[in-house]
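> Dropping a structure here in structure tokens format, bear with me for questions.
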Amino acid sequence: MPPAELHIDQSPLRLCHHYFYILFWVLVTAIILYVPGGLSLIDALLLASGAATQGGLNPVDLNKLHVVQQIALWVIPMVTNVIVLNTLIVLLRLYWFRNRFRHVLDQAKATSESEGIQESMEMNRSAVSVAVSQGRTSQEQPLLVAASAAQEPDEGESGDLSGSSRTARSSVSSSTGLQVAFREPEIEDEPKHHHDRSYSEQQRGHHHHHHHHDLSYLPAAVTRPHSLANYSDWNERQKEELGGIEYRALKTLLVILLCYFFLFHLLGLVVFVIWALSSAQYDHVFDSTEVNQTWWAIFTAGSAFNDLGYTLTPNSMESFRSAPFPLLLMTFLIIIGNTGFPCMLRFIIWLLSKVTSCGSALDEELQYLLDRPRRCFTLLFPSAETWRLGAVLLLLSVIDLAIFWALETTPYREEQISFGMEIVNGLFQIASTRTAGFSAMPLSQLYPGVQVSFIVMMYISAFPTAIAMRKTTVYEEQSLAIDEEPDAEHSQPGPAQGLVGHIQRQLGFDLWFMMLGFFTIAVVEGQRLRQSNNDDAAFALFPVLFEIVSAYGTVGLSLGYPGTDTSLCGEFTSVSKLVIVAMQVRGRHRGLPHAVDHAILLPREAGVSTQQEGREWWRWKRRFAFGRFFSRKQ
């Protein structure tokens, strides 16, 4: 009998686990940064928070840090970015599948042992009853027994009785209660193991019929006479046979994700190193900052792909605003590393399905990923939703770029940058504004309207992906989203499921926290903010709001402060810096789905009603292509 499934727990355990993972790496990074020295504890914590959440706000100049500290800032974002975290979910589900295999085998062994004990007990009871019956009959009717024995052939010589020797066997009872029972004629074609099957045996077989189903779904290769193989004896093919198409699809997806992360990372690293070593006109930039060219290229490539925003050059990418190649390469890495990741991932899977042999096992797995994307991965969407997501991202970028070009032309006129470089710089800055936090120009000198548009884009950066994720969730309260026709009452999305409902929930999640942080900093920094109206215009409410939104959106852009190469938060007090840390940690979790869906919900945790749990569980097993193991040949 399949194990009963657990009802889903409505508590945000998954969200708590995500918080724990991020906070763990924040603390570990802070310790690594603080131990070599040169940083206060609060600055180490703020810098660590920027690395672990990809917030990217820097309270100190990174090129002045120890090389160990720089390596930590390069490595930590790799284990906390969105691609790696969702890949861990795939690993977790594969781990659960293997645990389920062990559980199924243990259950089958227990069932087999239980059946063996019960069969032994039934056989013993049957033997005792026959012996007693024969003993009493031999005492009371010896002549009848002798006659019957003479009429029957030796069963040890022949397994079946012939028609000529087949006679009626009887037993006679005395007046004390023994009865005479005549044996019915046997059919010649009937197998022998059905001849002497008593009513109790028939009832026992019917009673334990479901136990045989529990044993029948195991692959034949892992069973032995009178025993079952240990789980360690299973090979991967047998695990795939029992796990079904979803298990195989998850394994394929894991390989694709690992190749995606490492190959694109390696591509950016190698190309950046080649460009840095071959571009002699920028040697003065590296010499003035005392940064090794190779290490700068490695660090910057990783920072771009992980959407971190840290650079070892004090003015970010302003020194390279006339170099189109690194800006375009970084724009590509920024997009595929975050906002464009769902689109790029589906494109790669689709492309692989086109070059794979039709009907092969790999083709089936790729088609399963394309047909049921959200059953396997949180950030893999259906085709229509992927196109909509790409269109929204493109539309937002075009709007932001149009505002940028329309309002900000002065820097290019002063430096006589060509129109082509205007386009490149604009594309790079718009891509960085969404998630990465790089800058190719001094943001504090931009037109105020452009700064406001940057605030809006930083805030809504997570909206397209988050809304697409929630719209395509397959989780429902009472089912595991089995492929069935939806009920009439659920066929049309309600207001809460529409776009407006998603935006309302997102605003409710975000605004109060940002306003609370803004209010706290305004109170803590109140004395300096009051003086800023006269002497310190760079430390005003609008730059503080810009810093708050950048931290909450985990972007990393900052208007900075005159005379420094750090973010504005470098001028904050310790309490205000802690508020920025809280903004980054909270903002890192706003792109997660509100409800736990099947893409991140273990099948054993999918809540089904008590009346339907057996039916839904068996349907789930049949769906995953190992239903043949759950059927018994009659």
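Residue numbering: from 1, along the chain as shown.
Glycine residues also receive a Cβ, built from the backbone N, Cα and C atoms like all the rest.
Annotations in TrEMBL come from automatic prediction, not curation.
Taken from TrEMBL, the feature transmembrane segment applies to 20-51, 71-96, 253-275, 325-352, 387-407, 446-469, 507-524. The annotation region 'Disordered' is assigned in TrEMBL to 141-215. Taken from TrEMBL, the feature compositional bias 'Low complexity' applies to 159-177. Under the heading compositional bias 'Basic and acidic residues', TrEMBL lists 190-199.
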> Given a Cβ distance threshold of under 8 angstroms, which distant residues of the chain, six or more beyond its ends, lie next to the transmembrane segment (253-275)?
78, 83-84, 86-87, 90-91, 94, 294, 297-298, 300-302, 304-305, 325-326, 329, 333, 336-337, 344-345, 348-349, 352, 369, 376-377, 380
> Which sequence positions outside the transmembrane segment (507-524), separated from its termini by at least 6 residues, show Cβ-Cβ distances below 8 Å to it?
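Same-chain contacts beyond the ends: 459, 541, 544-545, 548-549, 552, 572-573, 575-576, 579-580, 582-583, 586, 590.
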> Sequence-remote contacts (6 or more beyond its ends) of the transmembrane segment (387-407), Cβ cut-off under 8 Å?
339-340, 342-343, 381, 422, 426-427, 429-431, 433-434, 447, 449-450, 453-454, 457, 460, 464-465, 468
